[in-house]
There are 2 protein chains.
Amino acid sequence: MSTDDSAIPNFSRGTNGLLPAIAQDATSNRVLMMAWMNAQAFDETLKSGYAVYFSRSRNQLWRKGETSGHQQRVVEIRVDCDADTILLKVEQKGAACHEGFESCFFRTVSADGAAAVADERLVDPNSVYGKKSS
Amino acid sequence: MSTDDSAIPNFSRGTNGLLPAIAQDATSNRVLMMAWMNAQAFDETLKSGYAVYFSRSRNQLWRKGETSGHQQRVVEIRVDCDADTILLKVEQKGAACHEGFESCFFRTVSADGAAAVADERLVDPNSVYGKKSS
């Protein structure tokens, strides 16, 4: 983990060395998901040209699409003014969301706080992740 | 702070009750910035119709644009599959970034890790925030 204040991105600014990384569709500009990166995930993203995150629940690198095939080819990387948030413009293969939606942001919240599904599923998550239907 | 697992957004999933909130321009779909919200900031955003964040450095609610005038009128709120990241589609007044750029993501990072400013400044931050030029 870098401790250099001028490092870009500056992983020393993240909690446990993790920074938020936003993935945006390079063509439609739709925001697809938000995940986390540590320095190793970022380096591997740069080198491979495909999005690699750090899974906080599994406590390991998460090579997006390794199981589902739903990889993200990185078209452009941006970093914000404080160098503590990463923006990836990607070509998304399949569905970004593990629930089978194009984007993880498939629900709207209305002014009264009620949530509603606003999008259509692209794929059946059971077919992608090999779960049996009940 | 909610401790209800089905709450949307689910602030109990955030570190210190804070969730990442992404602001996206409702017209251009440009990602403008990423900041943090606690339950109070989210509630005030819903009620006022303008983006309210929680400033980790100042440890208080941050009514975006209160000093600069660069408010964000909220057009749509979305929440992700895990209910732990918020997406605001906004009408941005002025520049989202305190450095005077339209978006905080004004720098690209190339494959060799080098960062470069890719955008033009919209406004002089010294004129907005009342700092004296040196």
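Backbone N, Cα and C atoms are what each Cβ position is placed from, and that goes for glycine too.
Where the annotation comes from TrEMBL, it is an automatic prediction and has not been curated.
Database features (TrEMBL):
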{"type": "DOMAIN", "residues": "B:33-106", "note": "domain 'Phosphoribosyl-AMP cyclohydrolase'"}
{"type": "BINDING", "residues": "B:Asp80, B:Asp82, B:Asp84", "note": "Mg(2+) binding site"}
{"type": "BINDING", "residues": "B:Cys81, B:Cys97, B:Cys104", "note": "Zn(2+) binding site"}
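A distance below 8 A between C-beta atoms marks B:Asp80, B:Cys81, B:Cys97 as the binding-site residues from B:Asp80, B:Cys81, B:Asp84, B:Cys97 lying next to chain A. When averaged over the domain 'Phosphoribosyl-AMP cyclohydrolase' (B:33-106), pLDDT in the model lands at 97.
Of the listed binding-site residues, namely B:Cys81, B:Cys97, B:Cys104, the sparsest CB environment within 10 A is found at B:Cys81.
Residue counts for the domain 'Phosphoribosyl-AMP cyclohydrolase' (B:33-106) under DSSP (helix as H, G, I; strand as E, B; rest coil) come to 10 helix, 30 strand, 34 coil.
When Cβ atoms from all protein chains are considered, those within 10 Å of B:Asp82 (Mg(2+) binding site) total 17, not counting its own. For B:Asp84 (Mg(2+) binding site), the count of additional Cβ atoms within 10 Å of its Cβ stands at 17 [all protein chains shown]. Recorded residues B:Cys97 (Zn(2+) binding site) and B:Asp84 (Mg(2+) binding site) have their alpha carbons 24 Å apart, per Cα-Cα distance. Around the Cβ of B:Asp80 (Mg(2+) binding site), the same chain contributes B:Ile86, B:Leu87, each under 8 angstroms and 6 or more positions distant in sequence.
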